[in-house]
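Take a look at the structure set out below.
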Protein chains: 4
Amino acid sequence: MSNIKNIAVLTSGGDAPGMNAAIRAVVRAGIYNGLNVFGVKRGYDGLVSGDMYAMDVKSVANIIQRGGTILKTARSDEFRTIEGRQKAYENVKAAGIDALVVIGGDGTFTGASKFLEEFDIPIIGLPGTIDNDLAGTDFTIGYDTAINTVIQAVDKIRDTAESHDRLFVIEVMGRDSGLIALRSGISTGAEAVLIPEFNVDYDAIMKRLDKTRKSKSSRIIIVAEGDSEGGMVVSERIKANFPKYDVRLSILGHIQRGGSPTCMDRVLASRLGVAAVEALLEGRKGEMAGLVHGEVQFISFNKAIKHIDSINQDLLRIVEILSL
Amino acid sequence: MSNIKNIAVLTSGGDAPGMNAAIRAVVRAGIYNGLNVFGVKRGYDGLVSGDMYAMDVKSVANIIQRGGTILKTARSDEFRTIEGRQKAYENVKAAGIDALVVIGGDGTFTGASKFLEEFDIPIIGLPGTIDNDLAGTDFTIGYDTAINTVIQAVDKIRDTAESHDRLFVIEVMGRDSGLIALRSGISTGAEAVLIPEFNVDYDAIMKRLDKTRKSKSSRIIIVAEGDSEGGMVVSERIKANFPKYDVRLSILGHIQRGGSPTCMDRVLASRLGVAAVEALLEGRKGEMAGLVHGEVQFISFNKAIKHIDSINQDLLRIVEILSL
Amino acid sequence: MSNIKNIAVLTSGGDAPGMNAAIRAVVRAGIYNGLNVFGVKRGYDGLVSGDMYAMDVKSVANIIQRGGTILKTARSDEFRTIEGRQKAYENVKAAGIDALVVIGGDGTFTGASKFLEEFDIPIIGLPGTIDNDLAGTDFTIGYDTAINTVIQAVDKIRDTAESHDRLFVIEVMGRDSGLIALRSGISTGAEAVLIPEFNVDYDAIMKRLDKTRKSKSSRIIIVAEGDSEGGMVVSERIKANFPKYDVRLSILGHIQRGGSPTCMDRVLASRLGVAAVEALLEGRKGEMAGLVHGEVQFISFNKAIKHIDSINQDLLRIVEILSL
Amino acid sequence: MSNIKNIAVLTSGGDAPGMNAAIRAVVRAGIYNGLNVFGVKRGYDGLVSGDMYAMDVKSVANIIQRGGTILKTARSDEFRTIEGRQKAYENVKAAGIDALVVIGGDGTFTGASKFLEEFDIPIIGLPGTIDNDLAGTDFTIGYDTAINTVIQAVDKIRDTAESHDRLFVIEVMGRDSGLIALRSGISTGAEAVLIPEFNVDYDAIMKRLDKTRKSKSSRIIIVAEGDSEGGMVVSERIKANFPKYDVRLSILGHIQRGGSPTCMDRVLASRLGVAAVEALLEGRKGEMAGLVHGEVQFISFNKAIKHIDSINQDLLRIVEILSL
């Protein structure tokens with residue numbers, strides 16, 4: 001039997017839709033298993049300052065459909081120092097907390113890894129980030145919602161592009177990963193997709209645009225924010241190269257983070273939240289729960305953050321074929 | 001080299017969001033590979049009556065985001081007869097069509113299987129149905145959109161349930177499969193989910209509802225339409241068993257079929273549409289293209305329709321844990 | 001100067017999107033004007049049972065965008081009796097409440113009118129109902145959201161109707177008023193609209209449908225639930241009269257009540273909530289605040305509930321012209 | 001009796017949701033009244049180049065719910081010259097067109113006014129612009145949709161603002177008018193709204209923000225793009241003035257133009273489209289059809305474009321009261 005009686009949950013890093021569904025699952029699965037569950041405010045900052053409170057079934061009622069995180073989130077400079085983590089540990093002990101569930105991205109797991117190593121607190125992580133840039137899970141919590149927000153925005157812009165025969169360069173999220181750009185590009189019938197993983201071949205784009213000049217009246221080029229050039233530069237270059245097109249730039253920005261989570265994100269968060277609690281009770285620690293091919297799996301924090309974004313070549317090929 | 005020069009595409013059975021994205025992908029991938037592509041109207045009916053037309057790149061412009069199917073769909077009684085299929089074959093030959101892509105569900109593939117057997121026309125199928133009831137693919141085209149439509153509707157009903165302290169019985173689609181009910185139940189924090197795969201245990205539900213009488217003010221029970229009793233009977237029984245609750249019934253009905261497809265359905269349809277054309281060119285036939293663990297795979301029509309809906313026990317457990 | 005120091009706010013009758021925005025406006029305008037504001041739970045029931053609590057600025061933070069009502073709502077049988085209202089009065093006095101803001105529809109104002117008459121408590125009403133069936137305001141809070149929910153649902157059903165060449169009979173809310181049906185019918189290009197204010201002329205509908213048999217493939221007939229026959233009967237009659245059409249029925253039901261309010265409902269609720277508080281401070285009572293031609297106006301409760309739904313003939317004419 | 005037998009319709013200026021609903025209404029009302037209706041492509045450019053085509057009932061089927069304009073739109077330099085207008089007149093005469101309906105904003109009506117004056121072609125205008133900056137109508141076609149798009153975007157951003165305790169400066173459309181900013185600010189609970197009609201009082205904003213530092217964790221400041229400073233400058237100034245806040249800027253941009261029109265925009269467009277055709281048949285010309293207090297009214301082009309945006313002081317007051 002497990003010695004764990006009290007656990008705490010926190011969200012850290014950028015907020016992602018589905019974080020609330022994950023918090024709810026952790027709290028309810030904890031109570032279901034006879035545990036007391038504490039909520040920590042503002043990520044590791046709340047651990048350092050001791051800002052936490054006892055949660056019950058009602059604390060998480062009616063939040064599964066809400067964007068953001070009711071526990072709030074932050075990036076904590078103090079927790080990056082040994083002094084900060086020492087304070088955090090004292091607060092954890094003072095509250096009688098035996099184990100932690102941390103919801104966030106690579107920064108979150110890096111911190112968790114150190115904390116666990118130094119103070120031997122069992123910690124399980126949940127992948128909560130719109131960037132889908134973690135190993136050990138097919139999708140991160142928030143990614144499916146973010147990409148659907150992107151395509152709904154691009155659909156709206158396509159109305160204008162089509163009405164005015166314009167070319168729109170649209171910058172979407174993805175600092176290190178082109179996956180949001182690539183999948184949203186396929187979904188919105190983009191004529192080209194520029195991603196950090198590959199250099200822009202302006203000649204190829206130019207040829208493709210020229211080839212379809214007669215069959216198409218509007219054009220969408222999706223650029224990942226992490227692309228070597230970024231939306232602003234890309235739109236300037238296209239203006240310079242294609243003086244015949246009426247080029248506009250749209251940077252989607254912060255709207256991509258919020259909103260009510262999709263079914264996939266809610267189910268993913270619910271399954272992983274339950275799995276995290278059960279994993280702690282089974283004695284696991286230092287691992288992230290993920291969903292791989294429909295099944296819950298665990299991966300060490302160190303491996304989770306060493307995600308190599310291997311862009312599926314099939315997707316790139318499809319952009320080209322369908323932008324015909 | 002393939003002898004295929006002309007192909008035709010049709011949609012059959014109930015319409016599903018993403019069918020247009022699939023049509024677009026077949027047409028463009030066909031043209032990209034140097035083929036002529038014909039569109040057949042109203043499923044097999046159009047084959048029987050010879051209602052088909054040549055499609056070009058522009059025929060499928062600006063449809064990727066639209067629900068329904070521009071080719072229309074129907075269930076064809078005539079195609080179920082050998083005389084009907086004979087007529088269809090003559091039309092296919094007269095038009096010089098060498099191969100077909102059919103988008104639909106199990107009825108569609110049963111018809112395709114017979115047609116291929118009798119007349120040796122290469123046919124590749126795409127899984128287009130909101131019911132997700134086909135083997136050989138993790139998801140069918142339309143399923144992800146339908147389930148998101150369901151949860152958005154339930155979220156709205158939850159507003160009223162919560163405001164009035166009511167219990168809502170909500171019937172969702174799924175004649176043979178409880179998957180839509182189960183995943184939408186998890187996603188909306190339903191207190192119980194009734195599905196065709198299991199008998200209703202009213203005692204257990206009654207106990208669960210009683211247990212949470214103090215912690216919860218609203219209650220949602222999701223019933224799959226294929227459940228042995230159906231929403232109407234379930235709501236009457238609950239009214240009889242729980243006179244203290246203010247019970248209401250909502251049958252979501254036809255809104256679940258339409259709407260702009262989600263990113264997942266658009267990407268799925270686009271990948272499988274391209275794959276179907278390439279499969280025909282490689283000499284495949286009598287198979288459905290599906291996506292399994294992120295990779296395109298093929299399965300024979302006969303196996304695709306022998307889907308056994310193995311409800312993930314983990315999901316059922318999660319409903320119970322989280323409805324605490 | 002006003003003697004009013006403490007006010008209370010409640011929501012009553014069916015819930016409507018924008019009620020939360022109205023509560024928020026009453027609470028903040030009260031505090032802005034130096035008052036204490038109490039929230040009463042479950043409408044008049046909360047007055048009768050003394051279920052109320054002090055609200056502050058934070059009580060209403062982050063609710064403007066939410067459907068339903070955080071104060072909950074109910075229809076109170078006890079408040080319909082003099083004994084019930086006597087109890088309510090005692091609770092009001094015990095809490096030191098000097099005046100009330102009640103948000104609801106005609107039942108709400110009928111109760112308020114009696115309560116004020118018997119116990120001389122200043123009360124101002126806000127029109128909170130999706131039915132738009134009150135005099136003294138161009139629109140009620142919730143109506144604009146409900147009608148937009150209706151048209152989004154009908155747009156989805158149109159996808160299926162169009163794909164299958166079907167005729168859909170769609171029943172929408174409106175027990176006494178055909179306005180939701182009429183405006184949603186115009187907005188969705190319905191072929192006919194049946195409303196309580198007029199008898200159904202099946203011959204005329206039949207002729208209109210016949211006339212457009214060639215130009216149209218899908219058909220939508222919108223029926224107000226308060227129509228003399230209702231959606232079920234209408235769909236049966238049309239099936240009998242038009243055996244050539246594939247007729248389906250969809251009853252939208254409860255989804256029409258919930259959801260995040262539109263801009264119009266949020267602005268309307270915010271303006272009227274502020275106006276209600278200022279009216280009480282100016283000594284008004286027994287009146288409903290409404291918005292007429294863009295300006296706040298007040299009307300006595302007795303007049304507000306004597307709404308005669310004068311269907312704009314222009315709108316009926318437009319359905320016919322545009323269903324060509 | 002009118003001598004008008006053939007009319008043409010065009011959309012000009014920036015695209016706006018509801019333009020398609022207006023085109024549909026003009027085409028169907030024309031046909032209903034026995035007229036032939038031509039569609040002109042790309043606004044006045046299509047008149048100058050003679051790019052127009054005969055429309056029938058089916059040309060406008062299934063477009064009422066679509067953003068953008070199927071006729072496309074443009075700003076025509078050539079039509080600003082007398083030579084351009086001369087060519088346009090010759091094309092109009094050659095096609096036998098007796099009268100025009102033009103859908104757009106002030107630039108559109110300025111052109112129409114000149115064309116009518118020089119060549120005596122009867123023209124009726126419809127207010128199609130998201131900016132709501134025309135006299136003679138309470139709302140322009142597209143405005144209600146645009147403002148709802150804005151508040152849905154701000155709701156999403158509020159999720160992040162609330163999760164991170166951030167202050168967001170959000171720039172919304174409105175070059176000359178603060179109405180979109182003001183109404184969206186009220187609808188989203190913005191702490192401040194900066195509009196072109198008034199100078200920014202940073203001291204007042206600073207005081208208001210300081211006052212609510214304890215009661216609020218997130219803050220939204222809405223800035224109209226036409227504000228003297230613009231979102232970029234405002235966000236820099238706030239960063240400088242409030243170093244304690246985590247300030248972010250979001251420029252909503254082009255997403256505000258597209259999307260499926262709201263019920264109000266569809267009904268407005270449908271009513272005015274019918275009214276425009278009937279007005280031409282009654283001999284009216286040189287006027288814009290508008291909706292004032294629920295009734296169709298006509299105003300001369302010269303008056304329509306002399307809109308003075310008289311910001312309702314009541315709305316400004318409400319921002320302050322409710323941002324408490």
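Each Cβ is built from the backbone N, Cα and C atoms, and glycine gets one as well.
These features come from TrEMBL:
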ACT_SITE  A:Asp131  active site, proton acceptor
BINDING   A:Gly14, A:Arg75, A:Ser76, A:Gly105, A:Asp106, A:Gly107, A:Thr108  ATP binding site
BINDING   A:Arg24, A:Ala25, A:Val26, A:Val27, A:Arg28, A:Arg158, A:Gly189, A:Ala190, A:Glu191, A:Lys214, A:Lys216, A:Ser217, A:Ser218  ADP binding site
BINDING   A:Asp106  Mg(2+) binding site
BINDING   A:Thr129, A:Ile130, A:Asp131, A:Arg166, A:Met173, A:Gly174, A:Arg175, A:Glu225, A:Arg248, A:His254, A:Ile255, A:Gln256, A:Arg257  substrate binding site
DOMAIN    A:6-280  domain 'Phosphofructokinase'
Inset, instruction - Measuring C-alpha to C-alpha, could you say which of the binding-site residues A:Gly14, A:Val26, A:Gly105, A:Asp106, A:Gly189, A:Ser218 are within 10 Å of A:Thr129 (substrate binding site)? - result: A:Gly14, A:Gly105, A:Asp106
Inset, instruction - With A:Gly14 (ATP binding site) as the reference Cα, tell me which of the binding-site residues A:Val26, A:Arg28, A:Arg175, A:Arg257 is the closest one. - result: A:Arg257
Inset, instruction - Compute all pairwise C-alpha distances among A:Arg24, A:Ala25, A:Val26, A:Val27, A:Arg28, A:Arg158, A:Gly189, A:Ala190, A:Glu191, A:Lys214, A:Lys216, A:Ser217, A:Ser218, the residues listed as binding ADP, and give the largest one in whole angstrom. - result: 58
Inset, instruction - Quick one: give me the count of other CB atoms within 10 A of the CB of A:Gly14 (ATP binding site). - result: 22
Inset, instruction - Taking the residues A:Thr129, A:Ile130, A:Asp131, A:Arg166, A:Met173, A:Gly174, A:Arg175, A:Glu225, A:Arg248, A:His254, A:Ile255, A:Gln256, A:Arg257, which the record names as binding substrate, find the longest CA to CA distance and state it in Å to the nearest whole number. - result: 33
Legend entry - Inter-residue C-alpha distance, A:Ser76 (ATP binding site) and A:Arg24 (ADP binding site) (nearest angstrom): 23
Legend entry - Among A:Arg24, A:Arg28, A:Lys216, A:Ile255 (the binding-site residues), residues with Cβ under 8 Å to chain B, listed in sequence order: A:Arg24, A:Arg28, A:Lys216
Legend entry - Other C-beta atoms that fall within 10 angstroms of the C-beta of A:Met173 (substrate binding site): 23
Inset, instruction - Other than A:Gly14, A:Arg75, A:Ser76, A:Gly105, A:Asp106, A:Gly107, A:Thr108, which residues of the same chain sit close to ATP? List them in sequence order, counting a residue when its Cβ is within 8 Å of the Cβ centroid of the site. - result: A:Ser12, A:Gly13, A:Gly43, A:Gly104, A:Thr110, A:Gly111, A:Thr129
Inset, instruction - Return the member of A:Arg75, A:Gly105, A:Asp106, A:Thr108, A:Arg175 nearest to A:Ser218 (ADP binding site) in space, with distance defined Cα to Cα and candidates limited to these binding-site residues. - result: A:Arg175
Legend entry - List of the binding-site residues A:Asp106, A:Arg248, A:Ile255, A:Arg257 facing chain D, defined by a Cβ pair under 8 Å: A:Arg248, A:Ile255, A:Arg257
Inset, instruction - Determine, using Cα-Cα distances only, which of these binding-site residues is closest to A:Arg248 (substrate binding site): A:Val26, A:Arg75, A:Thr108. - result: A:Arg75
Legend entry - Per-region confidence, the domain 'Phosphofructokinase' (A:6-280) (mean pLDDT, whole number): 93
Legend entry - Local Cβ density at A:Val26 (ADP binding site) - other Cβ atoms counted within 10 Å: 32
Legend entry - For A:Arg257 (substrate binding site), the three-state class that DSSP assigns: coil
Legend entry - In three-state DSSP terms, the structure that A:Glu191 (ADP binding site) belongs to: coil
Inset, instruction - Determine the Cβ neighbour count for A:Arg24 (ADP binding site): the number of other Cβ atoms within 10 Å of its Cβ. - result: 28
